[in-house]
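Novice: The structure under discussion is supplied below as structure tokens; questions concerning it will follow.
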Amino acid sequence: MARNKIALIGSGMIGGTLAHVAAREELGDVILFDIAEGLPQGKGLDIAESTPVYGASVNLKGVNDYAGIAGADVCIVTAGVPRKPGMSRDDLLGINLKVMKAVGEGIKAHAPNAFVICITNPLDAMVWALQKFSGLPTEKVVGMAGVLDSSRFAYFLSEKTGVSVADIHAWTLGGHGDDMVPMVRHSTVGGLPLTQLVAQGWMSQAELDAIVERTRKGGGEIVNLLKTGSAYYAPAESAIAMAKSYLADQKRVLPVASYCSGQYGLKDMYVGVPTLIGAGGAEKIVEFDFNADEKAMFDKSVASVNGLIEACKGIDPSLA
């Protein structure tokens, strides 16, 4: 049986962390790609030299040519410029759209059968553009955002309640930005909806509201603390969870940026929704029932994503 091949397009902080985790978990052979000569080779060699310590039998290679990703089963895209303090994800649009064009063309030419996970911000617009540039089937191109945002939500809930993260199921939908929608009614701690936790005195409504707001600002909190970059450990782990569900046909339902073709009343756009990920890629979108407040928040988030998509079309007319 042939080994899986994982191509990591972008060898910065997230790319390097992805390579380390993928190697340690033996998901397959790892190719690190970057346009910066020496960077993917150096990180690949460093991680390869660590594998005898933990006994992982994987091959790692760094490349500067898209030909090196040929035949990849999974491509995880982190290429682009990260956020700096004071920047929103949307500020990256013009720069990273050009990067997505080059990446999409590279994947189309050398790894057209891959399952593609995009991490580059602004996420929802970038994954939409990447699918257009690559021409891959929409079910084979997804964005990593909701897994990360939901993980942050779950961690903050665990921190407040003292309950293990293993018994917390948090959902965050919508665009990956300040208008994201942490789903209070659909998230649970020990099986109890968060609304019931408030009623039982685990936390006040004000404390829950603060956790929801901290979740929305979670990425910015880390950017401000680091001062020279953005989060990379949690984003990498989130993408690995998505890749594993695809490679092992786990059929996990994860909140990811998926292509909507009528679901949630949306067409021809990517946004964060619960998605069943298996060997076919994004196999099915799960549709939550929204109350009036949730729908209003989701619609606002969708409007923000639509604005970014329209901006992409303005920058690159080939996307119109």
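Note: Cβ is positioned from N, Cα and C throughout, glycine not excepted.
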Novice: Taking Swiss-Prot at its word that GLY10, SER11, GLY12, MET13, ILE14, GLY15, ASN96, ILE119, THR120, ASN121 bind NAD(+), choose the one of ASP29, ASP34, ASP73 listed for that site.
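Specialist: Between ASP29, ASP34, ASP73, Swiss-Prot records just one in the NAD(+) site with GLY10, SER11, GLY12, MET13, ILE14, GLY15, ASN96, ILE119, THR120, ASN121, namely ASP34.
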Novice: Rounding to the nearest whole angstrom, report the longest C-alpha distance spanning GLY10, SER11, GLY12, MET13, ILE14, GLY15, ASP34, ASN96, ILE119, THR120, ASN121, listed for NAD(+).
Specialist: 17
Novice: Inside 8 A of the center formed by the CB atoms of ARG83, ARG89, ASN121, ARG152, which other residues of the chain have their CB, for the recorded substrate site?
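Specialist: Going along the sequence, the neighbours appear as PRO122, LEU123, HIS176, GLY177, GLY219, GLY220, VAL223, SER230, ALA231.
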Novice: Just to confirm: which same-chain residues, 6+ apart in sequence, have a Cβ under 8 Å from the Cβ of ILE119 (NAD(+) binding site)?
Specialist: ILE14, ILE76, VAL77, THR78, GLY143, MET144, PRO235, ALA239
Novice: Fill in the CA-CA distance, ARG89 (substrate binding site) to HIS176 (active site, proton acceptor), as an integer in Å.
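Specialist: The separation of the Cα atoms works out to 9 Å.
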